[in-house]
Structure formats: structure tokens, C-alpha cells
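Engineer: Structure below; questions to follow.
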Amino acid sequence: MSKKRALDSFFTPISHKKARLSPEPPIKPESSQIDPSSTDFSNHWNYPYPVPHLPSDTVGELNQVPASEGRAINDQPDLDLLYFQPYVPKSIERDLFEFLRQNLFFYRVQYTIKRYGTETQINTPRYTTVFGVDTSSTFTATGDLVDSQTAKSVSPERYKGCASQPRPIPQCLDHLRQLTEIFSGATYNFCLVNYYANGADSISYHSDDERFLGSNPSIASFSLGATRDFCMKHKPIPPKDGEPPPEQNLKPPLKLPLASGDMVLMRGKTQAYWLHSIPKRKGKGSEGGRINITFRKGVEKYSTQNYYQYNVGEGAVWKWDKRKGEMREWMKSRNE
Ligand SMILES: O=C(O)CCC(=O)C(=O)O
């Protein structure tokens, strides 16, 4: 059986009733309040509001991934990428972008760090959100957390101090996660989503090299919406004890013009040795919004603490306002 046929039969499209938001999102963390068998939307006590399931025709099209062959980029030291242009079929990338922008909830996170001994406020220059939990815990079908080893309820102590308690990946993202797992051979338990409203939003050079992701993590990174440059450069090579400073890799940064539907699979030593960024963009092509979705695997509880701190934070919930064509602070009372 071909890969596409296999995927098709694995994912039978969900019968689609018209998705709608329930009048009141659940507020009490009691699993009995939640209907996990709903075919309309994903819900959890820790979602501000329910998230509609993907329309069944979008699911059907999505099952055709990858839409093109991946191109290996591994001709530089320690770099191991697989670049799909595109991964998501062209027939649905715009609808998928609009659907996720309309239905997910986002945050504009602020936090403080000590810089040169002074408390400095950092305003994250993009909208963020996160779903999932590290390998020490597992969600039950009703969205409760149990210990992955003992299957006993997880004590709230485990994620004490998190800006938000963990919440499961909604169906509209989990479907893509499952497809990506089958394709890449890796497993993922977190989904991070960034929304760059325009060219002023960005992410600075960093690597996802935290210990809580394990060694040589596989990270699948999807782009939807406006094209933005993905820049990569090798980390400076540190001197070895007693040896002269090593020659640095002075090649210009690698620049991948990520278009809607593209996917970059970063793997091997990439995170250990390379930095990546989405720089700000001015002028032509700077107006449109862009969604980035990454799937990754957290192997320690610190991944949960870190991701919910820096991608949810303590501030307001933001939701796309279709009429105004911009993100707007979401208010439970408005329920739109
Ligand atoms: O938006 C992107 O393509 C990159 C996102 C990223 O680097 C991250 O979330 O760590």
C-alpha cells in the first residue's frame, strides 16, 4: 500500500457538523462537565473557549501530506534539515491558516529578566500559544492528567508555579501532529504556535537546545500565511582549553524564504550547533500575518513549566477579530 493510501485509511475524516462555540466555556476542572466524544470541537477546562474541529474536507486534503518531496539541507557542519516546499497541500493552506487564526487563542507574553544586574521587562514580539505536556504525564480522554508510569492522577504540585496548567492539543492541530509523527518517525507531545501579525513581529536568534528536549531533538516547524525569512547561523565555536581561538564559520546566514504550507524538519545536531530566527521585515511583504506551528517532545516536567510560562504567561487572551481584521483582547462576556 502506498504511503498516501496508508495515511488515508488511518485517518478517516471526522463527520462534520457545523462547528459552533458553546455559549459558556467550562470553568470547573471536573471531567464530568466535558464531552470528549463531541465531533464539533475540542474542549478542556483550561481552554478559554472551545476550539472547533477541522472541517472534514480539510482533514481529507491534509491526509495527502507531504505535498512535495523534502529537500535535505546538510551540506554545512552540524546542520541536518529536511525542507518541504510545500508540505501542506496548496488546496488547503489558506483555509488552514484562516481557520487556525480565527479559532485559536493567543497571548502576548511579558516577563522580566535580570540584564547586567537590572530587572528588564521583555515584551515578546509576537502572539504565542501552547498545548501539550511532557512525557511524565499523559492526558486521559476527558483531559485529566495521569502519571505516565503509574496512571494515577497527577498532583497539582507537579506543575506548581506554571503560568497555566497543561492542556491537551486540540484536534485541529493534533491531526497534523499525528501525520507528522508517522512521516518523520519521531514523536511529539507539545505544539507551540506563533502568530506574527506583520513584519514588526519576530523571533530573535536562539536554539531549541534545552536539556528538557533531550539530545538531538526532532522539531517540525510549519509555516502558514505570509512568507517570512527563516535565518540560520552556526553558533560561535568556543576555544578549547589551552588552544588558540578556532576559526569561525564566517559564511553568511542561511536564509530560507518560508512560504505558506512549507515545513522545515530540524533534527540531529542542528539545535546543538545552530541558531535560528525570523527577523523583522520592512516594506514589501511585511503586511500579512503568519502562523508558525512547531511540534516537539519534552522529556522532563521543566519543558511544561517553561513552555506554559513563556508562551501563555499571566496576561490577557487574544483572539482574531474577523470584522476588524486584527487581534483583539478576548472577553469571556463577549463570547464571539
Ligand atoms: O516562526 C518560526 O518559523 C520559528 C519559530 C521558532 O523558532 C520557535 O518557536 O522556537
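Numbers run from 1 along the shown chain.
Cβ from N, Cα, C; glycine included.
Features from TrEMBL:
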- 1-39: region 'Disordered' (REGION)
- 30-39: compositional bias 'Polar residues' (COMPBIAS)
- 187-299: domain 'Fe2OG dioxygenase' (DOMAIN)
Engineer: Take the domain 'Fe2OG dioxygenase' (187-299) and count its residues per DSSP category (helix H/G/I, strand E/B, coil), listing them in that order.
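Structural biologist: Tallying H, G and I as helix, E and B as strand, the rest coil: 7 helix, 46 strand, 60 coil.
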Engineer: Tell me, roughly as an integer, the mean pLDDT over the domain 'Fe2OG dioxygenase' (187-299).
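Structural biologist: That stretch averages a pLDDT of 95.
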